[in-house]
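Enquirer: After the structure tokens below, expect a handful of questions from me.
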Amino acid sequence: MINIRKTHPLMKIVNNAFIDLPAPSNISSWWNFGSLLGICLILQILTGLFLAMHYTSDTMTAFSSVTHICRDVNYGWIIRYMHANGASMFFICLFMHVGRGLYYGSYTFLETWNIGVILLFTVMATAFVGYVLPWGQMSFWGATVITNLLSAIPYIGTNLVEWIWGGFSVDKATLTRFFAFHFILPFIIAALAMVHLLFLHETGSNNPTGISSDADKIPFHPYYTIKDILGILFLVFFLMLLVLFAPDLLGDPDNYTPANPLNTPPHIKPEWYFLFAYAILRSIPNKLGGVLALVSSILVLILMPLLHTSKQRSMMFRPFSQCLFWVLVADLLTLTWIGGQPVEYPFIIIGQLASILYFLIILVLMPIISTIENNLMKW
């Protein structure tokens, strides 16, 4: 009997990607985050769709429509908080996924890595425009401050900002177009994720050792489908823990105050997952310099394959590089903390030192340490 799974044009694609896919036998739980990101995206699209059914993208009614969702719509509150906290889970998985790629040298798959960096930028853009939609104080002022950064671009900056705003300030036109962007971008993310997977399956997955696993492959199903389901259960457990017990833990209280252009909040800050980049932006006194540093903090990931000087792919057998990697993680946590603090002593100097260290580790120390390790191994 002919197996439809292996012959049907559509089923064949699914089969080759998720069922009969040859996978390395030794990939650890750090390889779970790709599937978790897929689940996060599906969850965000579904909850977002139901929220969009009740949301109105007008400055007069946006805030009250979100209140209406929470108070009057059946299970509206849980949908809203699953969407808001789902974004946080999305970014936790993203950071883990990127960290895994850096640690185990997955960036040597050039196309997969570069599509991944584009995906990271797209997800960040989606989260930013989404944060503006509830039209609270932090939504309004966050949108004003971040879009204003584009005015640092020489010559065309001011015109560009007014073009994005659709006027001379963040107003009705801005909110409407941000809602449109927020609706379309997740589908672009889904398409990019498919391209990401397509390129990954050209080469096959990396593994913790960083060496070829062609000699020892196992089918993706049932081994890794079961493993992914366990990861998904953990993800849903932690998400629901957040949603049901501390839904506002990661949010800003200022966003429960309707947007008011005449009243600036004492501390304007983005959501927690952008704080590291925000701290780097604030650590440079010059506006254009700050914007360049902000963009570079993510764009530097594109350079990772060029900065790889080690003869080994993975950090698994490179203790000095491992130490440096964990210093980088600690540095990013420090930047995240600083991004949420007011601009005053000693936070300014800590932020500046942490920002310098961030670029120093990636651009200078990593390649040097890798070369030293090569010499120690007599390669």
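Cβ from N, Cα, C; glycine included.
The transmembrane segment annotation in Swiss-Prot covers 33-53, 77-98, 113-133, 178-198, 226-246, 288-308, 320-340, 347-367. The annotation heme b b562 binding site is assigned in Swiss-Prot to H83, H182. Summarising the annotation, Swiss-Prot assigns heme b b566 binding site to H97, H196. According to Swiss-Prot, the ubiquinone binding site annotation covers H201, on the basis of similarity to another entry.
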Enquirer: Which residues does H196 (heme b b566 binding site) neighbour through Cβ under 8 Å, counting only same-chain ones at least six apart?
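Expert: Result: T112, I115, G116, L119.
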Enquirer: If we check Cα distances from H201 (ubiquinone binding site), which of the binding-site residues H83, H97, H182 wins as closest?
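Expert: Closest by Cα distance to H201 (ubiquinone binding site) among the binding-site residues H83, H97, H182: H97.
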Enquirer: Distance check, please: Cα of H83 (heme b b562 binding site) against Cα of H97 (heme b b566 binding site), rounded to an integer number of angstrom.
Expert: 21
Enquirer: Using Cβ atoms only, state whether the transmembrane segment (226-246) and the transmembrane segment (33-53) have three or more pairs under 8 Å that are 6 or more apart in sequence.
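Expert: Answer yes, regions in contact.
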Enquirer: Please give the sequence-distant neighbours of the transmembrane segment (33-53): residues at least 6 beyond its ends with Cβ less than 8 Å from one of its Cβ atoms.
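Expert: Non-local partners: 69, 79-80, 82-83, 86-87, 89-90, 93-94, 96-97, 100, 182-183, 186-187, 189-190, 193, 228, 231-232, 235.
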Enquirer: Quick check on the binding-site residues: of H83, H97, H182, H201, whose CB has the lowest count of neighbouring CB atoms inside 10 Å?
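Expert: With the binding-site residues H83, H97, H182, H201, fewest surrounding Cβ atoms within 10 Å: H201.
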Enquirer: Between the Cα atoms of H182 (heme b b562 binding site) and H97 (heme b b566 binding site), what distance do you get, rounded to the nearest Å?
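Expert: Just about 23 Å between their Cα atoms.
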Enquirer: With H, G and I counted as helix, E and B as strand and the rest as coil, say where DSSP puts H97 (heme b b566 binding site).
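Expert: DSSP assigns H97 (heme b b566 binding site) to helix.
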